[in-house]
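S.K.: Pasting a structure below so you can have a look.
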Amino acid sequence: MALQAQQQPTPSPTRDRVGSGEWLADTEKLPGAAASPEDVVVASTHHAAAAARYVPPRATSHTAEPNPGRDGGGGWYSWNGARRARHDPPAPRRQQPAKTHPPAPPLPAAPPPPPPPPPAASPAPAPRAPPPHAQVRSADRVVPAILSRKRRAAVMQRAALLARAAAAGXXLAALTVLAADTRRGWARDSYSNYAQFRYSEAVNVVGFLYSVFQFVALAELMRRNTHLIPHPKRGLFDFTMDQVLAYLLISSSSSATARASDLTENWGSDSFPNMANGSIAISFVAFVVFAICSLISAYNLFRRDM
């Protein structure tokens, strides 16, 4: 029967689709199938066909069914043909939206650390006392400067006093000589007959009076150390008057000189023009003294030492 099975075509085994899960009842196995799987020959005594099939060795793992069904009748089977129930995978779970927890409220900001306390103010170091030799040196410089300034002021006061006295004397001598020149010479002429001589006489009078006033004021200053007229513009007044009187003296003396020269050229040398020339010469000396007084008053105005 084995030889007859080899000559016939090998039918493919089919499963019972009725849901029994076993092979057909009319299929029989040979006695030697349990001993050696390699020599297994399946014989079918079914009335439709008898065929034998060689079953190769298979692994013990599950093998997919060659014709699985969709209606639940199929399943899994092992190498020996035993059918096993197929376990369908569980239905996928409906994807739920991920639960998001609300964000935690922000923590309150920590207060800034208090500023560091300011460093304690260290007491200022006491000023170092200057060395004694420096004090002595500064005193040596200051005291002589003060003394020299005082000496210079005293010298200028004495010089101004002498200049005022000289200006007063010169102006007095000039006006006295010219005033005495009356009814002189062969013509018995007088200075009052000529404008140039009258002009010179008037300037000498004013110069004399001003010089006497300045002499008294300087004497009072040197004796009591106080000004006769304590006015802030006193220095400017002295400087202006000295300049004006010096200019008047030089102009009056020049005009009187021209007139005396004209008389000498026209009428010859005589006592009248000679006395006029003497007064004019003294007026020039008074002009020089007033120029010196103007320099002293300018020094006092800009240096304020007196």
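Using N, Cα and C of the backbone, Cβ positions are placed for all residues, glycine too.
The structure displayed is predicted, hence computed values, not measured ones.
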S.K.: If we trust Swiss-Prot, are Tyr191 and Leu301 on matching sides of the membrane?
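M.R.: Each on a different face of the membrane, per the record.
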S.K.: Sequence-remote contacts (6 or more beyond its ends) of the compositional bias 'Pro residues' (100-133), Cβ cut-off under 8 Å?
M.R.: none
